[in-house]
Amino acid sequence: MNFHFQSIFALATPIGRSALHLHRISGENIFEILSPYVVLPNTRKQLNLTQLAEKSQGKAHTRYVLIIDKDNNEIDDVVLTLFPAPKSYTGENIVEISVHGNPLISAKLQSLLRSIGMRDAEPGEFTQRAVLNGKIDLAQAEGINQLIHAETLGGIELARNTVEGVLSRETEEIRGQIINILAYLEAHIDFAPDEVGEYEPASLLPQIQVVLERLEKLHSTFSSGLKMREGVRVVLSGKPNAGKSSLYNSLLRYDRAIVTNIPGTTRDVLEDRLVIQNKDFVLLDTAGIRKTSDEVEKIGVERSLKSALGADVICLVIDIHELDCTQIQTHILSEVGHFCDEVRLTEDQKIILVISKQDLLSDAQLKMIQKFNDNFSIIVKDLSFKKCIYEHLILISLAENQELCKVLVEYHQVFTGAVNKKENPTLISVRQKDKVFNAISTLEECGKLISVRDYPEKIASLINHSRHSLEEIVGEIHLDNVLEKIFSTFCIGK
Ligand SMILES: Nc1nc2c(c(=O)[nH]1)N(C=O)[C@@H](CNc1ccc(C(=O)N[C@@H](CCC(=O)O)C(=O)O)cc1)CN2
Ligand SMILES: Nc1nc2c(ncn2[C@@H]2O[C@H](COP(=O)(O)OP(=O)(O)OP(=O)(O)O)[C@@H](O)[C@H]2O)c(=O)[nH]1
Ligand SMILES: [Mg+2]
């Protein structure tokens, strides 16, 4: 399928002063249209781009040239690359021109392009053409958009994975399985039982089950993908003065939060990105939790509890350095107990018990901690959320948080495990997730019709719905308004 569109151009790099500006031009006849304005720097002889494209045997070709305007005035000396169709990003002929990065020079080039019948590209229009010309599918196009907008390393990894076609291939395979199921039904719609055997829809159930499981697995990748893109949320909680803000600063490696020895120092929730071993986290520091009559601190405590509710991982920071050895175990248990009374955790949240101010602990206190850890599972066995609690206490100080970092990385793996391997397909947009959801619901509906031995026509029609939902993920069905909505979020020039 090849569409014939007006030629378009756009500045593909940011507007402003920079070393270079890269302009991108796409269209069917652009080599012919541009040739009169492209000359060799020394001889000023016109360069025939059409011939050059033919000589390059369909491959990209780069030259150093001069661009001149209609009055033969030089616009700039540039590097120009041709990508002859169909081997280009859009599948049409493409010319890329990199000029010196001055907005005035770019404006001159753009007015030349407008004056020779080309128009400014809409956001995402190059990629839209790539989709319409079958160079990439819609899921890959969404990947390209996210590759540009990703704000985390994890986001880039997921987007690259989609651009590479991992999700498209998974969708295609599931679609193949659905078509196999359809084939059985179509056979019974078109042929008599003596030709294709008795109509026994229940025989389809195992196949439908296989597809459903695969779709459900795919559906679940959206939320793990979100954690991968946005970062696993880690909240530092605990009593005032426990050392939360100190830990916050040492994890971030800069003096972000105010630290004093006055309990109740932190009031607002602080939020920052944290990367440990290339894994993305969102780290939150919060007000120490206690009963207080101070109006401002009270609001701080409320916000602190609310942050803990929304966290994936809670580091409950506990300061025991002033306690007598005999009190340590009971104290830790009661702090965890109180915290869990305040914050109703869900089963998929994790808590790490962090013992702060290691440098201030006596040998006897350290021994007690060791003893606690040796019997950890027995000691915490009566706590209501013991399944959420990391398997032992972790000691930290201003100078030492390595073990904690190691555990955070382990938890990152737990929260993103389903999607953080290169070969795993991941849903990266709500649109894709909704399509998979539709495919699942219609297939489930099928199960019901089969159990009452409904007509093959009715079952086939539902299965077809399911198949269409999958096809929409990769955009085999082009709906103008869908395309418009997707590409409107792109950058101009992409
Ligand atoms: N200068 C420049 N840099 C760029 C791009 C670009 O278009 N231009 N890209 C764009 O976003 C990205 C790279 N992606 C690209 C994807 C496909 C083709 C392309 O021309 N593909 C042809 C030919 C392949 C070949 O010669 O082997 C094809 O697929 O047929 C170019 C770039 C990032 N950097
Ligand atoms: N010696 C020592 N002192 C620490 C350590 N961590 C924190 N402190 C001190 O403990 C006091 C309280 O630290 P913060 O980090 O402000 O405690 P917080 O939990 O944020 O307190 P609030 O904001 O009031 O809830 C400060 O005086 C810190 O210098 C540590 O590892 N070793
Ligand atoms: Mg603090």
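Glycine is no exception: its Cβ is also placed from the backbone N, Cα and C atoms.
If you look up TrEMBL, you'll see Arg24, Glu96, Lys135, Lys494 marked as (6S)-5-formyl-5,6,7,8-tetrahydrofolate binding site. The GTP binding site annotation in TrEMBL covers 241-246, 260-266, 285-288. Residues annotated as K(+) binding site in TrEMBL: Asn241, Thr260, Ile262, Thr265. Residues annotated as Mg(2+) binding site in TrEMBL: Ser245, Thr266. The domain 'GTP-binding protein TrmE N-terminal' feature in TrEMBL is assigned to 8-135. The domain 'MnmE helical' annotation in TrEMBL covers 138-491. Annotation comment: TrEMBL describes 233-357 as domain 'G'.
Overlay of TrEMBL feature records on the structure.
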residue : record                                              : DSSP class
Arg24   : (6S)-5-formyl-5,6,7,8-tetrahydrofolate binding site : strand
Glu96   : (6S)-5-formyl-5,6,7,8-tetrahydrofolate binding site : strand
Lys135  : (6S)-5-formyl-5,6,7,8-tetrahydrofolate binding site : coil
Asn241  : GTP binding site                                    : coil
Thr260  : GTP binding site                                    : coil
Thr265  : K(+) binding site                                   : coil
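Residues Asn241, Ser245, Thr265, taken from the binding-site residues Lys135, Asn241, Ser245, Thr265, are distinguished by a CB atom under 6 angstroms from ligand 2.
In sequence order, Pro240, Val259, Asn261, Pro263, Gly264 are the residues of the same chain, not among Asn241, Thr260, Ile262, Thr265, whose CB sits within 8 A of the CB centroid for the K(+) site.
Taking a Cβ distance under 6 Å to any atom of ligand 3 as the criterion, the binding-site residues Arg24, Glu96, Lys135, Ser245, Ala287 reduce to Ser245. Listed binding-site residues: Glu96, Asn241, Ser245, Thr260, Thr266, Ala287. Those with a CB atom under 6 Å from ligand 1: Glu96.
Each residue contributes its Cα atom, and for Ile262 (K(+) binding site) and Lys244 (GTP binding site) those atoms are 13 Å apart.
Taking Cα separation as the measure, Thr266 (GTP binding site) is nearest to Lys494 of the binding-site residues Arg24, Glu96, Lys135, Lys494. In this structure, Lys494 ((6S)-5-formyl-5,6,7,8-tetrahydrofolate binding site) belongs to neither helix nor strand by DSSP; it is coil. Taking Cβ-Cβ distances under 8 Å and a sequence gap of 6 or more within the same chain, the neighbours of Glu96 ((6S)-5-formyl-5,6,7,8-tetrahydrofolate binding site) are Ala12, Leu22, His23, Arg24, Ile25, Leu80, Thr81, Phe83. The binding-site residues listed here are Arg24, Lys135, Lys244, Lys494; among them, Lys244 has the most other Cβ atoms within 10 Å of its own Cβ. Each of the binding-site residues Asn241, Ser245, Thr260, Thr265, Thr266 was scored by other CB atoms within 10 A of its CB, and the lowest score goes to Thr260. Of all Cβ atoms in the shown protein chains, 13 besides its own fall within 10 Å of the Cβ of Pro263 (GTP binding site).
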